[in-house]
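Noted in Swiss-Prot for the protein shown:
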{"type": "SIGNAL", "residues": "1-20", "note": "signal peptide"}
{"type": "DOMAIN", "residues": "145-407", "note": "domain 'Peptidase M66'"}
{"type": "BINDING", "residues": "H298, H302, H308", "note": "Zn(2+) binding site"}
{"type": "ACT_SITE", "residues": "E299", "note": "active site"}
Amino acid sequence: MKLILIYLILVFNLFNFINCQNILKVSNVRFAQTHVIPIEGKSWNIQGSTKHMSIVGKRRALLLASFQDQNLSYFATIWYDGGKVGMIQLNDPSQLPLTEDNGEKYSKVHHSGMIPKEWVRVGMKIQFSSFGGINGTEVSDILSPDVGQDYTLKMWILPFYLFGANDTNTQPFSKTKGIDSGISKELIEKWSCSDLQADNHPIQKIDWPYFVMEPRSGNPAMVITNSDQKKDGYAIMNGVLSILWLLRGMFGESSSSIQIYSPLLHLDAKGRYADTYGGLGGSSAGTGNHRFTGIFIHEQGHAMGLPHAGEAYDNKRKYPYKQGSLSGSEWGFDANHNEFLGTFIPPTAELYKTCKKNSIIDSKGRCVKQSVMQSGAGDQSSKYRYSMFADFEMTTIQNYFKNSIYYDETNGKYKKWNDTSKSYYAYKPITKEKGFEGVDENTPIERNVDIYSIIFTYSTVEKPKVGKISQIYPLLKSKGNLIRQFDPTNKKEMDSVNPKLNGEFKWYCNSSGCDYTIRVTFYDSSLKHVLLQQGKRKYKLPTGSFRDNINDPKSSDSFMLGGVNIKANKKIKKVELLETPFAWNGIPKNPTVLVSKSF
């Protein structure tokens, strides 16, 4: 019996010895998408808050791994949910993709291979293996990459043609209405997303002979008919941005991740094209010139929540790399060109020859790139349209998508991402704070129907028949969405928003009151009333006094930009802005008409 026991122990130890010998040792495993990051993702601690960058799901990735014996053949097997998805053979280090402009190699020790996007998903497992070594077949431990959300970045392009700008004297609509496939492919490589869908907005374009500027920088609201009349360089773009935010709300997209960008084409006092020489962006929208180059990607960075990198660095190091540079960032990777993007400025870059005047210099005497969000345009190789973001900035972009509501067109339902379970879940939009932020998170109640978009401006200080600040822009007809609206002639609906009652939406008017109504008259003489969630009251005092500066023409308190979408099942004859203070009490038969326009 004792001999049998000794024999079993020897066999057991021999089995363990063989197994130990057959375990393949692998190190420094990385995934390259926008940036080359560890398989477990990358984290930063910023002011006591952890920021994390994950691998993006449903996006191809270059797999990199280092092995002790570089001369063997290595394979990576992808597993999912207990089943084998597929296997790829890794290229040896001599075949590692090059660096832009034939720069320094990323590594001399990494084997590599491209993993198809279909294999990159939450729950995937990777196991490496080798054949032909002195130990025979060797397999590694199973590794679990930190794969996160998969999502498509959807973007509307809505050109603004102002002051007589048209296809002939500026740029043709065929070029400004969207971005071509080449640009889209490069943007996907720069943005942390699974895919990009950029289309012309359903409105197609906005073509107005004049533009109403809100009070800004100590100047009153004004109507301008050429770009030279603006008081500062960003004034018109600021007004365009306000309209884009308004449209996102009108179309029920304010809680979504859908972005909107407007190429701005306008004429100066002599009827010539006037460049924007810059851009503005934020809160899912951006505007600038029509070229879709550095300004465009910078402003859409702001649209996704990114600040200027240098300013964030100076502000308690909320950006981790010196002066808004990429000094310390992981390298980038472009799968379209199958090459690495160093954090240093390459020889063919526009700014290469003069970069040492202003750039940070690395330990090898090279100029370090700046982030796209801090003067980085021009730091890229001449083959690229755009320069790089820092790896850290991908955390903000990823969070932008994690916090959004998604509409699933396949089943007509909504979903959100749960970052703990790493999965989408069915979601029903809710009304927050009793309607203070709108109803059902301002999601549409009808989609893809014929609509009119009505946009207006109103000044509380403009005298009747003097000036044109209080006006209604030309109607915009398109296919679009409708959100929940309230009719001030319907008592039941008004009771639901009455701040004095305990209705479902009793805080709907809490921001500034509900003092205005849009009235639409159709050619069949029927009427439609839409209560606006806008007023002239102090914040959270819907029944209280007016805002302090409501009579100051230089204050935003005296100006209102508003709009609604209505179904285009009838032809509109007239649109009016009515003064309907405390509209929840009902409106008079003959309310004061503040603005009127016939069509």
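FYI, residue positions are counted from 1 along the chain as it appears here.
Using the three backbone atoms N, Cα and C, a Cβ is placed for every residue, glycine included.
Positions of the features from Swiss-Prot, shown on the structure.
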residue : record              : Cβ within 10 Å
H298    : Zn(2+) binding site : 26
E299    : active site         : 22
H302    : Zn(2+) binding site : 20
H308    : Zn(2+) binding site : 18
Taking the centre of the Cβ atoms of H298, H302, H308 as the Zn(2+) site, the remaining residues of that chain with Cβ inside 8 Å are G281, E299, G301, L306, P307, V372, M373, Q374
C-alpha spacing of H308 (Zn(2+) binding site) relative to the residue listed as 'active site', in angstrom: 10
